[in-house]
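Annotation comment: Swiss-Prot describes 125-176 as ATP binding site. Positions annotated as Mg(2+) 1 binding site by Swiss-Prot: Asp248, Glu260. The feature Mg(2+) 2 binding site is assigned by Swiss-Prot to Glu260, Asn262. Feature annotation from Swiss-Prot assigns domain 'ATP-grasp' to 99-293.
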Amino acid sequence: MRVALLMGGVSREREISLRSGERVKKALEKLGYEYTVFDVKEDFLKEVDQLKSFDVVFNVLHGTFGEDGTLQAILDFLGIRYTGSDAFSSMICFDKLATYRFLKDIVEIPDFIEIREFMETSPLGYPCVVKPRREGSSIGVFICESDEEFQHALKEDLPRYGSVIVQKYIPGREMTVSILETEKGFEVLPILELRPKRRFYDYVAKYTKGETEFILPAPLNPSEERLVKETALKAFVEAGCRGFGRVDGIFSNGRFYFLEINTVPGLTETSDLPASAKAGGIEFEELVEIILKSAFLKGEVRA
């Protein structure tokens, strides 16, 4: 099997993608797969036709282009098989506002509103969360407890993103649920609880060793564990996601509040999904092979 490994990309998550890609590359080598690495940059469309000579694309492009449905639509058009969710699901899940609107009657979501213009005060009160519609790795996310902090967040995000989501802040335990697809169906991995040393699970906390305490499995009683896993799987399936992914949320007062779905989650040495997989008895090389094989569960590919 010939594998095209796509890494790097043009988003603000490029460095994380390169780290994910390097780790996947070593795993593919150990597994004995024939592979070629593509460091995706601005001129990638000039070489995209080369992908037709491969059996499958292993996509570890995080953020815009690789995770927002753009790459997936191109590969669908060319009839090239790839890992992860399809173009529509990727597009929906990368846009948090679209995700919330799509899933609002299916799972519990903290109150939210879209803002396109500067405001003096939060329409949802404080504390609140300000975050971009389309971004990953907690880039551009602010927790605001005053008008001053709220205004600062808008001044940072609105010029860059054009619009932001303001969401009610739910105090509670941050949890992430990783999901794999195998020929037996969807497998929900052990729930990971995140206890960052910083104010919340931001970019630094995600990708710096020692900045976050990982609790695996999360200390939940059986009914709480069932609630979290069932909610995460319901969101994942209803959004049409495939292959592998991660669902993030807040567990508070016996309720699990959905926050987002990551359709191309990190695969670095500090990433959540590999940690959950290992807790479930799946070493990294096996995880890579499961993800790779899941690309062949999506039916016939037609150009």
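Glycine too: its Cβ is placed from the backbone N, Cα and C atoms.
A distance of 16 Å separates the Cα atom of Pro132 (ATP binding site) from that of Asp248 (Mg(2+) 1 binding site). Note on Gly125 (ATP binding site): other Cβ atoms within 10 Å of its Cβ, all shown chains, come to 10. Recorded residues Asn262 (Mg(2+) 2 binding site) and Ser146 (ATP binding site) have their alpha carbons 29 Å apart, per Cα-Cα distance. With the fewest other C-beta atoms within 10 Å around its C-beta, Ser146 stands out among the binding-site residues Ser146, Gln167.
On a Cα basis, Glu174 (ATP binding site) lies 8 Å away from Asp248 (Mg(2+) 1 binding site).
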